[in-house]
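Notes follow once the structure below has been shown.
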Amino acid sequence: MSVAERLQRAWYQGHPALCLLAPLELLYRRVVEARRRRFLEDPNTSYRAPVPVVVVGNITVGGTGKTPLILWLIEHCQRRGLRVGVVSRGYAAEPPTLPWRVRAEHPAQHCGDEPLLIVQRTGVPLMIDPDRARAVRALLQQEPLDLILSDDGLQHYRLARDLELVLIDAARGLGNGRCLPAGPLREPPERLGEVDAVLFNGAAADTVEGYAFSLQPVGLVELSTGRRWPLDHYPAGQQLHAVAGIGNPQRFFDTLETLHWRPIPHAFADHADYSPEQLKFSPELPLVMTEKDAVKCRAFAPPGWSYLQVQAVPSTAFVTWFDDQLARLLPDLS
């Protein structure tokens with residue numbers, strides 16, 4: 001188990017040694033709060049785009065189902081006739097230049113796995129750059145857009161925003177409620193009181209704290225051909241190799257179990273790069289991975305490898321609320 005994995009386990013399950021990190025946590029909180037205060041007190045330090053910007057992010061380290069929800073937001077806006085673009089940091093990407101416009105045919109190493117997945121699924125204009133304000137400017141120079149979604153970037157205050165959506169894993173919550181490195185929080189818990197909406201992945205119902213959304217499996221897709229298979233493609237009890245290089249791989253393995261399969265889990269680091277040798281497992285069984293991993297494995301995937309396609313399903317109340325926000329932000333287009 002890596003140091004990062006040990007830390008995550010301690011954050012969510014508790015460990016007395018975390019108290020030794022309290023001085024570093026205090027320093028981290030002071031830096032984060034001072035940085036945020038600087039941007040709030042001087043609006044000139046942030047770039048405000050000529051179109052509304054919606055930030056979709058986390059205050060916790062690790063996976064919360066952000067990419068599926070961004071896909072839902074994109075498709076929902078597109079169904080309403082809105083021209084939507086996306087900016088992303090492009091984590092682990094090595095583009096030839098910055099900012100970099102992501103195309104569906106680009107290799108994952110140029111784009112990052114999540115931006116490439118988003119473009120391949122939706123065709124949306126997407127620009128990557130750690131400087132998200134610069135990414136927005138570049139995107140608007142190329143495309144006439146009505147709305148921009150920022151994939152993550154809640155803490156990137158150089159980009160002014162009109163709406164902040166924060167996602168939390170309902171099962172793990174905020175862990176021990178402490179900031180890095182003593183806990184999983186990028187910002188103090190009080191930050192949740194300042195955002196526009198909180199969404200809980202896996203919650204049974206809406207609460208006063210926020211809206212519920214779920215990730216529902218819709219089918220399997222073969223990597224080598226793109227053929228779609230129904231969820232009953234494998235019978236109940238089928239043993240298979242399960243590959244996940246995401247922030248919370250256990251959630252993927254649990255999902256496969258809810259489909260009555262018997263996954264042999266193979267967890268990799270978030271945003272991991274793969275080689276064919278890494279994915280040679282024994283015994284020979286069907287292999288199922290996440291869609292995020294699939295964009296990096298299509299080039300060498302043999303017949304039979306597939307990914308589980310999921311879709312975000314937000315609560316009716318959130319859909320109504322979000323439509324109201326779109327009408328407020330874009331009154332001429334509603």
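Backbone N, Cα and C atoms are what each Cβ position is placed from, and that goes for glycine too.
These numbers come from a predicted model, not from an experiment.
According to DSSP, Lys66 (ATP binding site) sits within a helical segment. The ATP binding site annotation in Swiss-Prot covers Thr60, Val61, Gly62, Gly63, Thr64, Gly65, Lys66, Thr67 and rests on sequence analysis.
Residue density at Val61 (ATP binding site): 19 other Cβ atoms are found within 10 A of its Cβ, drawing on all protein chains shown. The ATP site, placed at the center of the C-beta atoms of Thr60, Val61, Gly62, Gly63, Thr64, Gly65, Lys66, Thr67, has further neighbours from the same chain whose C-beta lies within 8 angstroms: Asn58, Leu167, Asp169, Asn201, Gly247, Asn248. According to its DSSP assignment, Val61 (ATP binding site) is coil.
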